[in-house]
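Report on one structure; see the data block that follows.
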Amino acid sequence: MEHFGFDDEDLKQRHITNRVNAPRGGASAADGRVLEAEEEEEELTLKYGAKHVIMLFVPVTLCMAVVVATIKSVSFYSEKSDQQLIYTPFTENTASVGRRLLNSVLNSLVMTSVIVIMTVFLVLLYKYRCYKFIHGWLIVSSLMLLFMFSFMYLGEVFKTYNVAVDIPTVLVLVWNFGAVGMICIHWKGPLALQQLYLILISALMALVFIKYLPEWSAWVILGAVSIYDLLAVLCPKGPLRMLVETAQERNEPIFPALIYSSAMAWTVGMATPSDTQRSDTVSVCVFIVCVCGGEAVCVYLLYVCVCVCACVGGVKLGLGDFIFYSVLVGKASVTADWNTTLACFIAILIGLCVTLVLLAVWRKALPALPLSVTFGLVFYFSTDFLVRPFMDSLSDHQFYI
Amino acid sequence: MNLERLPNEEKLGLCRKYYLIGFAFLPFLWLVNVVWFFQEAFIKPAYSEQLQIKSYVKRSALGLLVWVTVLTTWITIFQRFRAEWGEVGDYISFTIPLGTP
């Protein structure tokens, strides 16, 4: 869910230059010049758009690359585990196919309803200005992600490569990673590092989903969440849309931490009042608490981010979008070969491109999940069931095209 | 966050805070401090706070070097002598490799 912004200052300059440089003429010539100026504005929008589309491709690709690289090398994340999240209570180890399908649909209904309830809860919190609560929630969630999941991840990587590591070194590594991450995300830090941390926590989250969601449920959940995204952002009574409208009414910037921004948008505290008024970003985060077997209670975080940015350039993409894209590509790489993985990756990028073009045309917050996930799912199933057997039998018969 | 848009006093304040927080066993933070403020401290033309920023960057770099030396030494010792330490070695291991040492 992103919104376009482009540099208004730059445009104003252009307008002024146009009017100054154009020769004085009659009414028809003036109309012609106005048209020209409008065309230039359109061109500028698209040019800025193209640059920022490319700037979004890089982090999305990076996130997916981290997830796929981990899955291919660390077997822990592709092993089936008996533990399931309490949000997918129906098991998939059933005898019949029909039963399994039913269970996965029920799982996705449970998961989606949890997300809806949490989002509505958060909208209410925001409406009644319980900012401290939300802020505390965000901090606890990022603490969990940065320390616990990275600790788990590091342990699995060391086990995979069969190296001996001592506890003090591990503690220093995890402490450094986590503390600098908290500082960069919630306080002040270099933009590149902040973006890198956001990419890494999205990848960690996606890996956890890939590990703990049962096979068929994961695919159905992807579909269900993208439908929910579509409804929540575009329907008049959707929670995310209400959130956006409340944020716009209040004209206040909060939670800049959990949106990936392609440009240096955060000028809060440094810019003039008019700038800060126009830069709002709201992030909605949903906590899902889960009990993993007999282990400690893990706090899973699902970010469903909506962003409204109308100022200093840059396109913003919510972390939830990163996570679900990576889940799709990660699942494709677990269960299928490289052809399918690449096909899904390209499908997601195509979807992202189309979404950003629509963003440039409509200029309001849009859901980023539906198009990309639809293309991704279509490509996954068609490649896995149609293209792969075709390529296999082609190479069986030594027929190269 | 863009350093360019900050006034000089705030840059100094940020550099100083990063330096001080790094004492909490955070050499990575010192590394970030050095890399981020390197251009400010050494490449930009002189301004009033630059001298202090330079000193903080140098001190962060020194602290980072000390930490790197200590860590490298410790890891080398651990990897070399872990098998010989027997029970104590296992006690302080996070992951123990499979197979013969």
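Just so it is clear, glycine is given a Cβ too, placed from its N, Cα and C backbone atoms.
Note that this is a predicted model, so its numbers are computed, not measured.
Noted in TrEMBL for the protein shown:
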TRANSMEM  A:53-71  transmembrane segment
TRANSMEM  A:105-126  transmembrane segment
TRANSMEM  A:133-155  transmembrane segment
TRANSMEM  A:167-185  transmembrane segment
TRANSMEM  A:192-210  transmembrane segment
TRANSMEM  A:216-234  transmembrane segment
TRANSMEM  A:254-274  transmembrane segment
TRANSMEM  A:286-319  transmembrane segment
TRANSMEM  A:340-362  transmembrane segment
TRANSMEM  A:368-387  transmembrane segment
Proximity verdict for the transmembrane segment (A:368-387) and the transmembrane segment (A:192-210), three or more C-beta pairs under 8 Å: no
Stretch with greatest number of CB pairs under 8 Å, the transmembrane segment (A:216-234) reference, A:53-71, A:105-126, A:167-185, A:192-210, A:340-362 candidates: A:105-126
Intrachain neighbours beyond the transmembrane segment (A:340-362), with Cβ under 8 angstroms and 6 or more residues off its ends: 2-4, 45-46, 49, 52-53, 56-57, 60-61, 64, 68, 315, 325, 328-329, 332-333, 368, 371-376, 378-380, 383-384, 387-388
